[in-house]
Amino acid sequence: MQTSMESEDTKKIQEMKTDLNLLLECLKYQMDNAFSQKEALVTIHSICQQNSNASLYFREIGGLMFVKNLAKSSEHSMVKEAALYTLGAVAEQNVYCQQTLCTSELFEDLTWFLSNNDSNTNLKRMSVYVILVLVSNNRTGQTLVRETGCISVLSQLFKTVLSKYELNLSDENVFQSYQLWSSVCSTLCVCVNNPQNDENQMLCSSLFPHANDWLINCMKPEIIRPICSFIGLTLANNTYVQKYFISVGGLDVLSQVLVQLESDSHKTLSSAKLAVVVTKTVDACIADNPTFGVVLSKYHIVSKLLALLLHESLDSGEKFSIVLTVGHCTEDCEENQYDLFKSNGLPLMIQVLTESQNEELNKAATFVLHNCKKITEKLSLSLGEYSFDENEEQLKDVNMKEKNLEDYWKKAKEILHRIEQLEREGNEETVQREKYKDYVSSMNINIQNTLKHLHADSSGGGPKAEDKDKSQSRKLQSYKSHEVMSKACTNDDQMKTLLKSANPVNACYRESGQNKTLCKANSSCNQKLREETTFEKKNFVSQSSDHIFKHPTPIAKNTKQQLPVTEILLTPRRRRQLNNESTTPGGIKKRRIRKNFTEEEVNYLFNGVKKMGNHWNLILWSFPFQQGRKAVDLAHKYHKLTKRPKCVAP
């Protein structure tokens with residue numbers, strides 16, 4: 001049986017060789033028949049696309065060099081186009097063919113096709129396609145594209161192919177031009193990255209002002225996606241180019257586009273997806289130097305990113321990009337750190353840690369929480385920097401009432417002690433889940449109790465001072481939640497302990513002096529930027545596209561709706577264990593003591609839904625509900641209240 005299969009394979013290989021020999025002869029003896037030559041070239045392309053060995057054999061019999069010369073010497077445009085079409089496909093299929101064609105002579109010929117006014121748009125597209133294939137993953141190609149002046153011609157096409165900001169793709173001529181421009185964008189991307197090429201990045205950075213103009217004047221996906229890929233890869237890991245991009249207003253432009261897209265995302269799904277593309281580009285600009293994040297603070301980008309994170313249509317890969325960008329924004333910028341707190345960023349990051357099973361996303365969320373500690377320390381030492389003088393005395397009074405914060409930290413230590421016991425028992429799976437519940441419960445206790453004290457403290461004002469007291473109370477709530485974090489984690493060791501408890505494999509930091517960055521997360525982000533630049537082989541049009549990362553399948557919706565978050569995170573075995581622990585010896589399940597919702601809690605509930613939608617965990621952490629309340633309690637209560645015909649939201 002095996003001998004028969006080997007014989008069949010040998011027969012197919014021999015047939016392939018015979019076909020290629022005949023087609024090459026046809027090309028040589030049909031020099032005056034352009035149509036026959038075109039058909040032969042298309043057939044050669046088809047054979048080589050199906051088999052890498054075919055490309056290698058075609059090179060061995062001299063076919064590759066003959067087609068290259070044919071592309072240069074033929075008087076017929078259709079033959080030139082078909083020859084370039086075939087060269088690109090063969091070089092893409094086989095690295096040895098790519099190396100054979102990667103010569104200064106061919107780059108000069110391709111440059112001439114691109115700069116010649118007599119070349120039609122399709123011939124230019126085929127030329128760009130061949131350049132893209134020769135430069136991809138090839139440092140020699142990146143060098144030749146620069147030394148032959150080809151990259152300068154590509155840069156000129158980037159600026160001139162599309163002459164108007166009104167992009168009417170229903171017009172055939174405009175569509176042809178757009179396809180050429182898009183191919184040029186993708187080719188420039190491979191010229192500067194994978195492998196990274198500093199010299200080419202410097203050359204391409206001259207296009208930033210033109211790219212900024214397009215982003216401002218034409219906020220369409222067909223423009224934003226390729227330009228963001230080009231910008232992101234041109235400045236990736238290059239501090240000098242990043243500084244130049246900022247100096248020409250690039251980061252301001254990206255911020256304005258992101259603000260607009262986030263606003264539009266409430267109406268259209270495509271805007272949310274496009275906002276993530278822009279977010280990745282922003283991150284590429286600030287990842288190597290977080291101090292650049294101060295530019296973003298005037299546009300309140302952190303609050304916009306947190307709002308975007310709540311968009312239900314985003315997958316875990318897109319959420320990872322958003323959270324990582326928040327991390328870099330808040331790493332070394334106090335304005336952005338403060339914006340994170342004001343926008344309920346802390347409970348949202350905790351929610352990400354408890355609900356997500358994606359390792360990269362958890363790393364990014366842990367990174368953000370570490371940044372939170374930096375600002376809480378400063379706020380606890382010098383609150384006056386972010387507060388008004390009239391609030392300082394009142395804040396001191398509240399501080400006197402908050403000495404029991406040490407009790408909350410003691411509670412966190414008890415949870416850590418429980419984890420150590422479980423570790424000694426060797427139940428690793430249970431340890432992992434308990435750690436998540438180590439971390440969240442201690443933070444929840446701190447925040448909720450502090451807010452309760454603040455409400456009690458600010459409720460004694462007279463009728464005339466009511467408005468002023470409410471305003472001061474809101475400010476104090478914000479300040480005190482920061483201070484809670486600082487006192488709960490009094491030093492770096494305690495913070496690291498909590499972070500590692502949340503997920504021990506996620507505390508992956510690279511330390512350099514006082515700076516800590518997520519090494520793997522940054523490299524992953526750059527990899528995703530590279531994956532933004534793809535091209536369609538059949539149409540020879542290089543198109544930039546947003547890659548959707550597939551991650552482990554989430555739990556079914558019906559299961560998630562029936563179980564609280566803490567139970568969803570547990571394995572079926574552990575869930576049964578917990579259920580068994582909550583039963584009496586007679587087999588009767590213990591019921592929680594029922595606590596009626598107070599009028600104040602109902603107000604919290606409706607206000608939370610109004611601001612945050614049906615994100616019950618986020619609402620639970622943002623308001624001081626009674627101890628023992630669960631997210632499922634809020635959901636049930638809200639649905640029960642909204643079903644009543646006379647119930648009106650306050």
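Note that Cβ sites are derived from N, Cα and C of the backbone, with glycine treated the same way.
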(message) Between the candidate ranges 97-124, 405-432, 433-460, 545-572, where does TrEMBL place the coiled coil annotation?
(response) 405-432
(request) Take the coiled coil (405-432) and average the pLDDT across it for me. (result) 49
(request) Write out how many residues of the domain 'Myb-like' (593-644) are helix, how many strand and how many coil, based on DSSP. (result) 34 helix, 0 strand, 18 coil
